Amino acid sequence: MDSEDNSAPRGERGIEQFSHVSVLSQEAIDFLAIRRGGTYLDATLGLGGHSYEIAKRLGAQGHLIALDKDTNALEMARRRLEQVPDDLKEDWPQITLLHASFAEMKQHIASKSLDGVLADLGISSMQLQDAGRGFSFQAEGPLDMRMNPHGDLTAEQVVNHTSERELADVIYEFGEERRSRRIARAICRARPIRTTAHLAQVISVAARPMNQAERRIHPATKTFQALRIFVNHELDDLKELLASVPSRLVPRGRLVVISFHSLEDRIVKDSLRDGASAGKYELLTKKPVTATEEEIDRNPRSRSAKLRAAARK
């Protein structure tokens, strides 16, 4: 999961006011092995960092399709991708930006043959830094957590209207939090909870760190992760994406996935392994690629990143 930034002011801001560096960017580009004139899908557009690097290598005959659930991110990425250097303007590819989730990908690219697919999973620094989105436990904000601002379910609804048992199950399953029942009990007793700060305070009291290992992360980290994953159907969407990709990749087309926690990585690992066993993929990464110490020093959020890649047979 991404590291938190408690210095960020609340509210929507322009792209220049957010700090976001794409993780494992060069490694992702290398594994994609981009073909000039090819068609590529960036399944997690974000602020467009990876998409920009892909676009620079595609050429005027190429086509980049990029999608994101987050309408705010789409608009910011659009502005970034329109800032084409003069020496690349005549060689810039066609770019199609789509407001869509992984699960909706099939209906948008049903007729496309893709040379490569990139997915950089999880939450972006931009989303964490905007306290108004409700993703961070280090800033006061509404309990929202929707990646798609127009989605129906919010974290506030889950926190305040889910039974104690169901809430504990969510925290355990999607946060891998062994203190889930204690935390769920404390949340239910503290209802109504309307803000991220209030929720973080309730969790911190209920799950005080008892040893050095527990002190390494904030007590609310896993619960906030669980709520975010549940609200946004992140793991179901990831499974949909991975199931859809093989039928859309051309022979030798590449799939590259960057994950940030064990739940995501396990799904990616199992999917690629099963695809290789079924003769669909050649695994390009026997073990996940991780960030160098130099990158971790520059960008601490890269510490937990794992990249896996495969080529279509």
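Any Cβ shown, glycine's included, is placed from N, Cα and C.
With Gly48, Gly49, His50, Phe102, Asp120, Gln127 listed by Swiss-Prot as binding S-adenosyl-L-methionine, the candidate from Asp30, Asp68, Asp152, Asp169 annotated for that site turns out to be Asp68. Annotated by Swiss-Prot as region 'Disordered', the relevant range among 266-289, 290-313 is 290-313. Counted over every protein chain shown, other Cβ atoms within 10 Å are most numerous around Gly48 among the binding-site residues Gly48, Gly49. Cβ neighbours within 10 Å of Asp120 (S-adenosyl-L-methionine binding site), excluding its own Cβ and spanning all shown chains: 24.
The Cβ of Phe102 (S-adenosyl-L-methionine binding site) lies under 8 Å from the Cβ of Ala43, Ala119, Asp237, Leu238, Glu240, Leu241, Ser244, each on the same chain and at least six residues away in sequence. The DSSP breakdown of the region 'Disordered' (290-313) into helical (H, G, I), extended (E, B) and coil residues amounts to 11 helix, 7 strand, 6 coil. DSSP assigns Gly48 (S-adenosyl-L-methionine binding site) to coil, not to a helix or a strand.
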